[in-house]
Every structure is written in structure tokens, then in C-alpha cells.
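A.B. asks: Handing you a structure now.
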């Protein structure tokens, strides 16, 4: 495999930092030198403040590109994933954020790692997304996609919510809490982890539900089959609860509304350069300790 497989390369980034702009410029120069076509998504191109760039809307970038490189943090890749997954376009992440579970290439080795990928030295990783649908009076009123998680919460209010949870049509519980995190294996190392949820390997076909500060001593995270239909009914409340996909602007809910969460048929195709190791990433990103060594 060679660069013949990747002729049109899309670039997405958060050029609100000089370091991100530097990496984008470095990548563009290298890729063009390799005889490849570089296409920026329109938002990134606008913030680059340069003329002569090839530009495409993010919604179509996956259709015209063979590979998309995202420079930024995991949030940047999450945002891009929802637009790119439908096209099955491979995505490669360069970390210019914090943890970087998804954007796993270090900036100081970006050219060497991209070179490996262009030569066909890489592994692929399929990550499923969640579909969120809100129904009011039996009618769909909003929908969204999420790669990490769907979170039911009270927004700026410090009051608890009350809701009912159903899995595969079966009643699970009625709960008073600060909310509920519904996460994919990808999202299990994000907000769900902070809430006491388990770390799930990315290859697992499962969804985890993590209660947020439940008003009970017995409520614990629940791991369910990845094909499960999860339904949440908002019970009587004076609050305006919100449901947010991947930490984005919440969808407002009313008492009696239903939130449906299911696996979406689209999958994000992540590319990893040689040497990628999920457990090594956990050790590095989460500060796992090294094994204790004896004197001998």
C-alpha cells in the first residue's frame, strides 16, 4: 500500500492556537511535496487567514477526501467524526489538546507518523456512534449523533432530576440524580470515567450507563449490549433538563418527553500509526503506575 490509496488529504484543526497553525502548515507543506492534494474544511481555512487554499465544507469533506487528518484535541476529532462517519473516510488524529485518546500522534513526530501511514503502515479501528432522538407527545423533535456519550443533566441548575430508565423495553428504575451518562467504549475514558464508570476496550460492542450523583446508595454503572435500545422518560419536573451529545449544546426537555438512544449504523474509521497500544495510552493518559520491581 502506498500514497496511491490516499491522494486527497483533508485537514481539520483548531487554529485558535499558534501551535495548531504551525502543525497544519507543516502538514500541508509535507503533503504537497509528496504530490498529494490538500483540502481544508471551510472553518479551518477561514481561520488560517491565507489565500489559495483548496476548501470544502466539512459536511462534504469525507466525500472528496481519501484521508482526513484532525489537528487538535479529542473534542476536535469528536466534532469531525459526526460529519465524516457517514462516508467511512479514515481519520488520523494529531494531538494538540490535553489527553488525546483519539488524537494519538504527538506533534513532534507528526511527519514521521504520517509518512508511515502514507506508506501503508497503520492499523484501523472502527468506533460506533450513538443516535440520540428526543420525542415529545410521540413526535420526534430533535436528533443528534455522539461518538463519546449522550448526557442527561440539569444544565446550570443545582437541583436533581427525576427520570425513568428503560432498556430493551424493560423498566430498570426511576431515579433522582444529577443526571445520566450513556457512553460508548470510546467515551468510557471521558466523562463517564469521571463519574465512576468502567474503562471499556474500544472493540467491545457495549454501552455503559453511569448515574451522576444518584440519591441512593445502591445505584451503580450498568453495561449493556451495544445493540440495546435505551429509553429515558422525563417525569414531572419544574426544571428544564437538557440532553447533550458529546458535550455540545444541550437539547431542552420537558416533563413527559422521551429520550431514545441507540447505536447508529455509521462507524468512525480511525487510523493509528505503528506502535499504537490502547493499554499504553491508558498508562500515559491516565497516569497508571509502573509495575513494582524487586531488588533482583
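Cβ from N, Cα, C; glycine included.
A TrEMBL annotation is a machine prediction, not a hand-curated record.
Annotation source TrEMBL lists active site, proton acceptor at 74. If you look up TrEMBL, you'll see 74, 75, 79, 148, 149, 159, 176, 178, 189, 190, 191, 192, 193, 194 marked as NAD(+) binding site.
Describe the structural context of each listed feature in the structure shown, including burial, neighbouring residues and relevant distances.
C.D. replies: Sequence-distant neighbours of residue 74 (active site, proton acceptor) (same chain, 6+ apart, CB under 8 A from its CB) are 93, 97, 98, 99, 100, 101, 102, 103, 190.
Following the DSSP three-state reduction, the secondary structure of residue 193 (NAD(+) binding site) is helix. Just so you know, the Cβ of residue 193 (NAD(+) binding site) picks up 18 other Cβ atoms within 10 Å once every protein chain is counted.
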A.B. asks: In the structure shown, which of the binding-site residues 79, 176 has the fewest Cβ neighbours within 10 Å?
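C.D. replies: With the binding-site residues 79, 176, fewest surrounding Cβ atoms within 10 Å: 176.
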A.B. asks: If we count other C-beta atoms within 10 Å, could you say which of the binding-site residues 189, 191 has the fewest?
C.D. replies: 191
